[in-house]
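Single-structure report; data block below.
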């Protein structure tokens, strides 16, 4: 043992050294890297960006939809594109989960990107990486801060409806439950607040905020009145309202300003500013939009690193909707 430490190489120690070397190389090669497609598909990132920019320019809401796809993917057994798998006769995916059914969208944009990349570099770029990059490019397209995305995720061969139903935070959650849901994925309360700022873009269905609209006291009266025509007490479940009433298609800090004015659309939104432990963080983001943008970008990178499949785990799907 002593001779190994000092560098003397008996045959046994050589074997140990080599096995350690290959173990370390294996570990290193299984890590995500921002240059992962540098030689195998050098135009991958520009291809994704062009497609996202085109989709968002046609419909600004698509930026929020693509960001949400990534979130709903990563919170269910990691960022492995399981959310994209269609149901089949003998397989149930995640698309019919409570948080996803009739609301998750953007699958067609991902399909377009995937088919373009399969033409460029067949069987190289994963659907999981496409989702991660498309989320970042969506944020940038709507005015958010860019950030470097580590790459090299691989695609799952399974999905979990039950995990999707239990792991994606519901809009009805109170602050303590939100903090727990995010803590379960390794996020701090501060990161919960930062990531919730994604609701500065996008829209929600009447069914997700009707209870708040008609039963909660901590809601701005004129704001509530303005919503009731498109969200009646019954009917109109799928009618949409913007999560950020001030600037629904700009990635800014208006979401937090709205919370201070009691104009959070979802119950879970307003919970972040309701006399609890996260009020101070909301106020900080109102005062300093640059801090929000930076914190959000860092939290997105962290979310993109949730339990990725790397190395030889998983596969590179040729069609994001089905296993090879």
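Think of each number as a place in line: the chain as shown, counted from 1.
Note that Cβ sites are derived from N, Cα and C of the backbone, with glycine treated the same way.
According to TrEMBL, the protein carries these features:
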- 1-30: signal peptide (SIGNAL)
- 31-324: domain 'Plant heme peroxidase family profile' (DOMAIN)
- 41-121: disulfide bond (DISULFID)
- 74-79: disulfide bond (DISULFID)
- 127-320: disulfide bond (DISULFID)
- 200, 244, 252: Ca(2+) 2 binding site (BINDING)
- 206-231: disulfide bond (DISULFID)
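The structure, with features from TrEMBL marked on it.
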| residue | record | CB count, 10 Å |
| --- | --- | --- |
| 41 | disulfide bond | 18 |
| 74 | disulfide bond | 28 |
| 79 | disulfide bond | 28 |
| 121 | disulfide bond | 17 |
| 127 | disulfide bond | 30 |
| 200 | Ca(2+) 2 binding site | 29 |
| 231 | disulfide bond | 23 |
| 244 | Ca(2+) 2 binding site | 29 |
| 252 | Ca(2+) 2 binding site | 19 |
| 320 | disulfide bond | 22 |
Practice task
Give me the non-local Cβ neighbours of residue 206 (disulfide bond): same chain, 6+ apart in sequence, Cβ-Cβ under 8 Å, ordered along the sequence.
Solution key: 230, 231, 232, 236, 237, 238, 239, 240, 241
Problem - Cα separation, residue 200 (Ca(2+) 2 binding site) to residue 74 (disulfide bond) (Å, whole number) - result: 20
Exercise for the section: Report, in whole Å, the straight Cα-to-Cα distance of residue 320 (disulfide bond) from residue 244 (Ca(2+) 2 binding site). Expected result: 31
Exercise for the section: Between the Cα atoms of residue 127 (disulfide bond) and residue 252 (Ca(2+) 2 binding site), find the distance and write it as a whole number of Å. Expected result: 28
Problem - residue 121 (disulfide bond) and residue 252 (Ca(2+) 2 binding site), Cα-Cα, nearest whole angstrom - result: 36
Fill in the blank from the handout: Smallest Cα-Cα separation from residue 200 (Ca(2+) 2 binding site) among the disulfide-bonded residues 41, 79, 320 is shown by 79
Problem - Separation of alpha carbons, residue 41 (disulfide bond) and residue 79 (disulfide bond) (Å) - result: 20
Fill in the blank from the handout: For residue 41 (disulfide bond) and residue 320 (disulfide bond), the CA-to-CA distance in whole Å is 18
